[in-house]
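S.K.: Residues annotated as domain 'Flavodoxin-like' in TrEMBL: 6-150. Summarising the annotation, TrEMBL assigns FMN binding site to 12-17, 59-62, 97-106, Asp132. Among the features that TrEMBL reports, domain 'FAD-binding FR-type' is placed at 205-445. Taken from TrEMBL, the feature FAD binding site applies to Arg349, Arg381, Ala382, Phe383, Ser384, Gly415, Leu416, Cys417, Ser418, Trp601. According to TrEMBL, the NADP(+) binding site annotation covers Thr459, Ser514, Arg515, Lys526, Val527, Tyr528, Val529, Gln530.
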Amino acid sequence: MVERKLLVLFGSQTGTAQDTAERIGREAKRRHFQCRVEALDSYDVANLINELLVVFVCATTGQGDPPDNMKMFWRFLFRKNLPPGSLCQLDYAVLGLGDSSYPKFNFVAKKLHKRVLQLGGNPLLPAALGDDQHDLGPDAVVDPWLLALWDKILALYPLPPGLEIISPDVRLPPKYTLHYLAEDSPHPDGGLLQPTAPRAVPSELHPFAAQLVSNQRVTAESHFQDVRLIEFDITGSGITFSAGDVVMIQPQNCPEDVQQFCQLLRLDPDRRFVLKPTEPGTSLPALLPQPCTIRHLVMHYLDISCVPRRSFFELLSYFSTNELEREKLQEFSSAQGQEELYSYCNRPRRTTLEALWDFPHTTCAIPPEYLLDLIPRIRPRAFSIASSVLAHPDRIQILMAVVRYKTRLSKPRHGLCSTWLASLNPEQGDVRVPLWVKKGGMKFPTDPDTPVIMIGPGTGVAPFRAAIQERVAQGRRGNCLFFGCRQKSKDFYCQAEWEELVTKGFLTLFTAFSRDQRRVSLQEEKVYVQHRIQENRRLVWELLSSRNAHVYLAGNAKQMPAAVAEALQLVLQLEGGLSPSEAEEHLTALERSQRFQSETWS
């Protein structure tokens, strides 16, 4: 009889695609499939030619890019020398997760579906394109698509005789079992942050414990937003980087939240345990030491401050001994209850810890071994590096806005990583932060005579500060910066530094202070970087047309990138004499040749 094996491969940046892949894995187990769920880059892609049934779940990040944990797979899949029929035995399906407010909506899923088809794969269904912008989120597409997928798969691989689909009322076993150690068992030395031995370049599995040397607020105390310039000492780390690269920082939960969580679940934070996989072949969580304390697990691993997903409520409902709580949890995990769940969780940005407070009877009945199935791990956060090694050897600086905002909940919302970093005081002893560096998307020109036009409103200026420091240290002029913020007196980051470079002839600076300056037009309008680009169109055109300048854009992904692209197209029309369609094509050509690069985030 044909082996009933299913492989679910995911590419996930924020954890949503992984969560969906694990949901498919659970549904496969209920249908008695042998199922593996793996990140695309953890999977040996050379084995793909032997697979019979694969579901790909992938997100699209940034400007239509694949997530970090599928980049190697992506490069391999698009190699020119792969024979056209190499995947002819493969039945596959692609589930994409994206956001239709971005121009390259679900680009990775569409491209993956097409490429596997080119290589001879047999699609079971058209690609599903989940959309974050939908009122019910991606599940509006995912739910019906999965029902259709299981119909197709069960037609090819019927249930073995005498077996039925395991009822949704039955709880599946946890991924790991948790074994408490006796109180008197010997303690191995070491915690999360043993400084990395110089042997390995720091990475997610081996971060470097960098010392925090300064943590300075760069906005006025009276300004609504707290923005920090933070500096880390990376002496002896083996880390190298250049302008445009990104530092990854592994944050941790605050002690008060850890204490609350342990009290709610009646856990002793000092108890030590080891994990064992329930199924052979499952690897242990790489970032958890063995043995480990409950406190370490909660502080460094479990993301108790994230907004819980539907799968959280589904699993939680199995532990509920209280009928009212169980009914509510089941509603939140049903397809019909998604609007209600969105209003309860996503809209007010309620955290996992807060949700647990609302279900006290259920929470104190959670078996500890299910914690790793219930709550995702804390993900590292990415920051553009805002300094150059040529100006600051053995240092990394970041420019970070502290995330804090109000929703209808009484307590303000806080960003986990920015709040933690902002709270660290280097004057209180040796403060260490786990970090590593990865290549960024922006590459600056190697030719010393190529000018650069940098457009960086707000903290978008961070990578340009690194680039300007690097270029100035190399004696390069031709640095043109468009910077925008609200008020010159409140959030003009690094003002003295820019002004000194202008005086020395290294920098041409254009500023837009949206709350200070008004444009005199039919109605008074705030001034943004796109207006400054239009006003200085002759210079921009001259740099682009005669001096082969490169253009860079960084900052918030909402309206700004489109407004800047429009301003650049206007420059091409008014100064270069191009028609609107030619201007659009010209800008696309600049993007293709890497002369126009952008890095935006939401």
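Glycine too: its Cβ is placed from the backbone N, Cα and C atoms.
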S.K.: Which residues, sitting 6 or more apart from Leu416 (FAD binding site) on the same chain, put a CB under 8 Å from its CB?
M.R.: Pro251, Asn253, Asp303, Ser305, Cys306, Ile378, Arg381
S.K.: Could you give the maximum C-alpha to C-alpha distance in Å for the residues Arg349, Arg381, Ala382, Phe383, Ser384, Gly415, Leu416, Cys417, Ser418, Trp601 that bind FAD per the record?
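M.R.: Across Arg349, Arg381, Ala382, Phe383, Ser384, Gly415, Leu416, Cys417, Ser418, Trp601, the widest Cα separation comes out at 25 Å.
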S.K.: The record lists Thr459, Ser514, Arg515, Lys526, Val527, Tyr528, Val529, Gln530 as binding NADP(+). What's the largest Cα to Cα distance among them, in Å, rounded to a whole number?
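M.R.: Result: 19 Å between the two most distant Cα atoms.
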S.K.: Determine the Cβ neighbour count for Asp99 (FMN binding site): the number of other Cβ atoms within 10 Å of its Cβ.
M.R.: 19
S.K.: Just the number: how many Å between the Cα atoms of Ser384 (FAD binding site) and Phe105 (FMN binding site)?
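M.R.: A Cα-Cα distance of 24 Å.
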S.K.: Do me a favour and check the Cα-Cα span between Tyr102 (FMN binding site) and Gln530 (NADP(+) binding site); whole Å is fine.
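M.R.: With distance taken Cα to Cα, Gln530 (NADP(+) binding site) is 19 Å from Tyr102 (FMN binding site).
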S.K.: Do you know offhand how many angstrom separate Gly62 (FMN binding site) and Ala382 (FAD binding site) by C-alpha?
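M.R.: Answer for this pair: 13 Å between alpha carbons.
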S.K.: Going by C-alpha positions, which of the binding-site residues (Arg349, Val527, Val529) is nearest Ala59 (FMN binding site)?
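M.R.: That would be Arg349, the closest of Arg349, Val527, Val529 to Ala59 (FMN binding site).
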S.K.: Note down the number of other Cβ atoms within 10 Å of the Cβ of Phe105 (FMN binding site), including every protein chain shown.
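M.R.: The Cβ of Phe105 (FMN binding site) has 18 Cβ neighbours within 10 Å.
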S.K.: Summarise the model's confidence over the domain 'Flavodoxin-like' (6-150) as a mean pLDDT value.
M.R.: 93
S.K.: Count the residues of the domain 'Flavodoxin-like' (6-150) that DSSP assigns to helix (H, G, I), to strand (E, B) and to coil, and report the three numbers in that order.
M.R.: 58 helix, 35 strand, 52 coil
S.K.: I'd like the Cβ neighbour count for Gln530 (NADP(+) binding site), meaning other Cβ atoms within 10 Å of its Cβ, all protein chains included.
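M.R.: 24, counting other Cβ atoms within 10 Å of Gln530 (NADP(+) binding site).
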S.K.: Name the residue among the binding-site residues Ser12, Ser384, Ser418, Thr459, Ser514 whose Cβ has the smallest number of other Cβ atoms within 10 Å.
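M.R.: Sparsest of the binding-site residues Ser12, Ser384, Ser418, Thr459, Ser514 by Cβ contacts within 10 Å: Ser514.
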S.K.: Pop the Cα-Cα gap between Gly15 (FMN binding site) and Val529 (NADP(+) binding site) into the table, whole Å please.
M.R.: 34
